[in-house]
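Asker: Sharing a structure below in structure tokens format, with a few things to ask.
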């Protein structure tokens, strides 16, 4: 089963909404409690002071995600660099997906954006696994300049999901600014699943796309991490932005 | 000392200090990217460039921007030999320190190696001396900064007298301390940029000045006698300017946060000494080619500004003034960061009250340790005694360097099970033995006054050990 990393700023009141807990409960979850320190502070020094408090909070959270059934565990990391910690722990726990926990109530419908530099099949198969027995509808979303190929990609993916008895809709945004279109489509949805971008100058300057989407949409965002073998993805979605 | 054979990773620390606190030591697993303790992981976030930036950033301020005038005044053009001697001594210590750092990649650097290799008394003396040594060094950098600030104003056409040097240094010293307590911005990236900028300025300037001085551009200058005051001042000058090589040990104080420590720590320590050593020697050559050493001495702490003006006109002067401001600032800032880590390492081992390593709840910074660094720094800055500050800082560091070499030999002679460095000193035991001897020898060339102050501080730390931490047992505790 796919493992999902749930990073939380554990000492800054980071929490997980009930809707996300319910959605992820059947999956394997690693709660990553992290605390970012200014460079003046050695991580070990912070550990001495905060470890106990943080561990207590993390134990409770892991229980909510199903630690007692053995599907959830937690890690506690003190760091100067959040991104580096996410990447390292995601590798170490073998988690292909991470969550940006937003605020949401019960989840009825999620938006799945076939964007990013991640192979569409990986996103779609993850969504099928995530929905499982939940009564949750899916809206497949794609922003592209090439209407015909985009529609075809959406149809193929929708068929794959419909085969799992999931209520699927599709939404195609042609010639629109992709991020804005995605944010607009996210209204009426309780959570978002999207693919990660390969690291580039743009993410360096503007920040992670997923984090901007999370900030726009308020709700939780599940991000399918980019892998090396995703690099040569050749479909319209990868040309939607230049 | 407990001589019983004990299971790896070595006997745990025992005993309590006068307040009943005992060292907080937990078994850890070190990987390239993190330190893993029972319940938590500590991310290693500093790369090689970050380590080099700390080492070079700490050192370059003093050697290039403060010392050339003073050093040339003492030893003439042979001051470049003094800097070369300093570089050799620093290398002889940086190599053993690298081995120890890869075996014990923990916060606290030299203090940590010595307390584990030689026991609590030596550890206490070095740990507290490292604190004071860094405080003296930082005060020295700040005074240097004050001189550059006054010169900057002068370049901008605002003539203020030298009496403003100390007030400006104090103001910035207080500012640094407050910024370090309240600032949560990540200044590390800024530090990298500052060091890169400084190196570019220097390489352009020294490249041009070097060609000019060698007679390839313009008219060759008539050389003065190489060592006008004889050989002895060359060594006393080496003792004085050794302050410009203290930075590599600061790299070791952040060893616990260095990625891939087995590779990056030795490279950062040895690399930063080599880079600044070459720059220093070239700087003195260029400076003494531009002016006679007497004239350089008259220019004082900011002699390099005149050297810049000599070669490149007002642009050169401005580049050096600007570089001097950046360099002394980055030296002071890097030292304040190391000081708070040194204090933390000592207080974790119950040699100082645990309160000293408390973290401020609002800012997440170690405000007590930063205060313990900042307060004494301001007092010392107020004295304005550049040479004394520099020499006492060197003295306290040299004691530590000597003991680092001794600790290495002690550990190697009877290697404990936990001792498994990724990097081993080439030329053992000659290199560490020479390192220890040279460190002590260099102390012998210092002014009497600096020796008194230095020895006084060490006696105080011994007194503190006897009063506070006599029952703490650290040797071999990892």
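Here, residue 1 is simply the first one shown, and the rest follow in order.
Including glycine, each Cβ sits where the backbone N, Cα and C put it.
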Asker: Please identify the range among B:10-30, B:31-51, B:52-72 that TrEMBL labels transmembrane segment.
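Answerer: It is B:52-72 that TrEMBL describes as transmembrane segment.
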Asker: Can you tell me which parts of the same chain pack against the transmembrane segment (B:78-97), counting only residues 6+ beyond its ends and a CB-CB cutoff under 8 A?
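Answerer: The answer is 63, 68, 71-72, 109-110, 113, 226-227, 233-235, 237-238, 240-242, 244-245, 248-249, 252, 266, 269-270, 273-274, 276-277, 280-281, 284-285, 288, 293, 401, 404-405, 408, 425-426, 431-432, 434-435, 438-439, 442.
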Asker: Are there residues at least six beyond either end of the transmembrane segment (B:193-211) with Cβ under 8 Å to its Cβ atoms? List them, or say none.
Answerer: 52-53, 56-57, 60, 64, 217, 275, 279, 282-283, 285-286, 289-290, 307-308, 311-312, 316, 319-320, 322-323, 326-327, 329-330
Asker: Flag the pair the transmembrane segment (B:231-255) / the transmembrane segment (B:156-181) as in contact if three or more Cβ pairs fall under 8 Å (sequence separation 6 or more).
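Answerer: Taking Cβ pairs at least 6 residues apart, the transmembrane segment (B:156-181) and the transmembrane segment (B:231-255) are not in contact, as fewer than 3 fall under 8 Å.
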Asker: Looking only at the recorded stretches B:118-150, B:311-332, B:451-468, which one has the largest tally of CB-CB distances under 8 Å to the transmembrane segment (B:388-411)?
Answerer: B:118-150
